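Features as listed in Swiss-Prot:
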- 95-158: disulfide bond (DISULFID)
- 208-251: disulfide bond (DISULFID)
- 292-330: disulfide bond (DISULFID)
- 373-423: disulfide bond (DISULFID)
- 63-172: domain 'Ig-like V-type 2' (DOMAIN)
- 183-266: domain 'Ig-like C2-type 1' (DOMAIN)
- 271-347: domain 'Ig-like C2-type 2' (DOMAIN)
- 354-439: domain 'Ig-like C2-type 3' (DOMAIN)
- 33: N-linked glycosylation site (CARBOHYD)
- 105: N-linked glycosylation site (CARBOHYD)
- 244: N-linked glycosylation site (CARBOHYD)
- 299: N-linked glycosylation site (CARBOHYD)
- 395: N-linked glycosylation site (CARBOHYD)
- 418: N-linked glycosylation site (CARBOHYD)
- 437: N-linked glycosylation site (CARBOHYD)
- 466-487: transmembrane segment (TRANSMEM)
């Protein structure tokens with residue numbers, strides 16, 4: 001359009017004259033050195049301004065071009081996709097920068113590297129809009145992107161490049177990281193809890209996992225011997241498992257049954273059968289076979305206990321004795337399986353009728369005699385003494401402890417004449433009576449040996465075994481010496497026979513010679 005005068009200043013007048021130009025109203029200032037300032041710059045101020053110097057003789061002009069710049073806002077990624085899918089071209093988002101003048105350019109970056117358009121993989125759509133009022137530009141760049149698994153945790157950014165008074169500048173956006181969806185490529189199955197050994201009665205949970213993102217929420221579970229899968233979430237629980245649950249367990253994707261995983265489960269078991277068991281009552285001398293049978297998924301250890309004391313071997317009774325009575329426990333366990341133990345008990349009661357043996361001995365002082373009634377039987381027999389004849393009783397019925405069905409009662413007596421002592425032993429099975437004649441204290445008599453107690457029996461047996469061993473060694477030595485001596489004597493006799501034979505031949509020769517001489521004469 002036509003030039004418009006906007007300001008005038010005379011060298012002779014100090015005042016400034018501004019023309020009536022509405023768009024510059026109250027925005028112009030012309031200084032004494034003829035510098036024109038425009039406040040509150042606008043895009044419309046981008047024009048050609050001319051400074052004119054008018055003199056009496058001539059007119060001088062000095063034109064200049066005014067450029068207006070507006071820095072755009074920091075770019076921002078908006079309309080972001082909630083996730084990206086592999087092998088699918090999908091809109092990632094829009095990068096927008098507002099209020100720019102002049103307009104700028106937008107660039108996308110993946111992990112700091114510029115994204116260049118690539119058909120079917122990277123699609124960029126750029127557009128700009130100018131506000132009709134402010135004449136400022138808004139730039140928008142849309143990015144469509146086909147993601148791969150390599151884009152997991154990758155940083156996407158964008159920048160705007162614009163021109164300012166000092167040249168080209170760039171402003172970066174904040175980074176954006178997108179969740180990458182990808183299909184399951186492998187299925188795995190787990191057994192929970194993750195202990196190594198499973199026993200009967202346990203609760204186990206099968207957990208199926210797919211390595212896709214997001215992971216599958218439903219699977220098909222296949223139990224041993226069942227061709228049809230059971231549809232469930234990613235877990236399937238088995239309660240109170242039994243030994244017949246041992247086998248291969250599988251799971252697969254619902255929509256892709258060929259993608260399957262399997263695991264082998266062994267349910268360990270342990271059975272124990274004790275025969276007989278519970279409380280068993282037998283008679284002394286009876287035979288009692290005892291068996292503890294084990295059935296287990298692995299080799300099991302077996303321990304026998306009697307009255308809380310571990311036995312070296314399994315009990316076997318060909319002829320029951322009172323000391324065989326007690327509480328027997330057969331216990332077994334699988335060492336590799338925690339908590340898998342079984343035990344059965346046998347309470348053995350050995351009963352017997354009372355048996356009595358009586359002995360007597362004279363006190364070294366010669367003033368009293370001790371009579372002992374040895375009793376064995378079970379239940380414990382009660383002992384009762386009776387005396388026939390006269391005599392003074394010094395100390396009556398002192399009893400020993402009842403051990404292994406045996407005990408004894410002693411009575412000390414100083415009879416002035418011959419007496420008979422009777423010992424009666426009685427339990428629920430029978431009443432047994434035995435008597436012993438005891439001479440008067442003044443009459444010496446042969447003492448009978450005491451019954452060997454159970455505590456001393458083992459020591460005596462050990463000593464007897466030792467003595468027998470020594471005697472056998474002595475006999476062996478004597479036998480060897482005898483054999484050597486016999487061989488020596490035999491050899492000596494043989495030599496003697498040879499000498500005698502030779503001597504006899506000499507004598508016979510002499511006689512023959514004498515006879516020959518006589519014949520010749």
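Positions of Cβ are set from backbone N, Cα and C atoms, glycine also.
Note that the coordinates shown come from a computational prediction; the quantities given were computed from them, not determined experimentally.
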Residue from 292, 299, 330, 423, 437 whose C-alpha is spatially nearest that of residue 251 (disulfide bond), among the recorded positions: 299
Other CB atoms within 10 A, centred on residue 437 (N-linked glycosylation site): 12
C-beta crowding around residue 423 (disulfide bond), within 10 angstroms: 25
Rounded distance in angstrom between the Cα atoms of residue 244 (N-linked glycosylation site) and residue 292 (disulfide bond): 24
Candidates 105, 418, 437, namely the glycosylation sites, that fall within 10 Å of residue 95 (disulfide bond) by Cα distance: none
Cα-Cα distance linking residue 158 (disulfide bond) and residue 423 (disulfide bond), given in Å to the nearest integer: 118
Cα proximity to residue 292 (disulfide bond), best match among recorded positions 105, 158, 437: 437
Separation of alpha carbons, residue 105 (N-linked glycosylation site) and residue 33 (N-linked glycosylation site) (Å): 41
Least buried by Cβ count (within 10 Å) of the disulfide-bonded residues 95, 251, 292, 330: 292
Residue 33 (N-linked glycosylation site) in three-state DSSP notation: coil
Counts by DSSP class (helix H/G/I, strand E/B, coil) across the domain 'Ig-like C2-type 2' (271-347): 3 helix, 42 strand, 32 coil
Mean predicted confidence [pLDDT] for the domain 'Ig-like C2-type 2' (271-347): 94
Three-state secondary structure, which DSSP defines for residue 251 (disulfide bond): strand
